[in-house]
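Feature annotation from TrEMBL assigns substrate binding site to SER29, GLY30, SER31, THR32, ASP84, GLY85, ALA86, ASP87, LYS97, GLY98, GLY99, GLY100, LYS124. Taken from TrEMBL, the feature active site, proton acceptor applies to GLU106.
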Amino acid sequence: MTNQDNAKKLAGEASLSHIENGMTIGLGSGSTVYWMIRKLGEHVKAGLDVKGIPSSGQSVAWANEYGVPITDFSRTQRVDVAIDGADEVDGQWNLIKGGGGALVREKIIAVTARKFVVIVDESKLVSRLGDFMLPVEILPFGREVTAGRIAELGGLAKLRRNDDNGVFISDNGNYILDCDFGGIQEPKALHHQLKQLTGVVESGLFPGMADEVMVGYSDRVSVLHD
Ligand code: 5RP
């Protein structure tokens, strides 16, 4: 296992400290969350009574594989804690998410949760967001028009594709534009500008949304509080 993988594992497993019996847990997406779900499955087997609301098909599959019971928003609108990864985290708790293309469901879960815990390896900490191309989920119809509007805001938008060069389709049936804005000076303002564009479903900017960030290093976890 690489140092980075180990850091993800440590952060993912450490996040279980937020989980108590009876809780409903928002299950994020990505390779760091994988370790959290896997460990959570062990706790469930040992008797922990919790339910998870997964944010992606991938997280549903992992929850099923590791025996974490699943629920959804038709059964409960209470999420005690959401635990999710991120692609970038700055010093003001602004996040870029959506590297895995699950940003819409991840955000719905995060805004519903009483507590939003972000788990990352140290490579995700940045002084300013924007080296990572900002994922923006858009409706397929008129994608060229929407990309043009994003360009007017200063973002060079590239349609996300799969490894076989087919267009990437999100779990919601939409497209993802990976947008290069250079360094993002005002994450909150940019997020609101993007949200006002017809055709944009959601931006991968999560401005100031984390309640706690757990940072994995190769040999330890550091917890950053709000
Ligand atoms: C998926 C996400 C992930 O949380 C983000 O891409 C981080 O993934 P990883 O833990 O694999 O580095 O936002 O949409």
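Yeah, the Cβs are placed from backbone N, Cα and C, and that goes for glycine too.
Sequence features, as recorded in TrEMBL, placed on the structure.
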{"residue": "SER29", "record": "substrate binding site", "contacts (Cβ under 8 Å, 6+ apart)": "SER55, SER56, GLN58, SER59, ASP84, GLY85, GLY100, ALA102, GLU106"}
{"residue": "SER31", "record": "substrate binding site", "contacts (Cβ under 8 Å, 6+ apart)": "ASP5, LYS8, GLY85"}
{"residue": "ALA86", "record": "substrate binding site", "contacts (Cβ under 8 Å, 6+ apart)": "LEU95, ILE96, LYS97, VAL118, VAL120, LYS124, PHE206, ALA210"}
{"residue": "GLY99", "record": "substrate binding site", "contacts (Cβ under 8 Å, 6+ apart)": "GLY30, ASP87, PHE132, PRO135"}
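SER29, SER31, LYS97, GLY99 are the binding-site residues among SER29, SER31, LYS97, GLY99, LYS124 whose C-beta comes within less than 6 Å of an atom of ligand 1, given in sequence order. Of the listed binding-site residues LYS97, LYS124, the Cβ environment within 10 Å is emptiest of other Cβ atoms at LYS124. When secondary structure is read from DSSP and collapsed to three states, SER31 (substrate binding site) falls in the helix class. Each of GLY28, VAL33, GLU106, VAL120 belongs to the same chain as SER29, GLY30, SER31, THR32, ASP84, GLY85, ALA86, ASP87, LYS97, GLY98, GLY99, GLY100, LYS124, is absent from that list, and has a C-beta within 8 angstroms of the C-beta centroid marking the substrate site. DSSP assigns GLY99 (substrate binding site) to coil in the three-state reduction, placing it in neither a helix nor a strand. In three-state terms derived from DSSP, ASP84 (substrate binding site) belongs to an extended strand segment.
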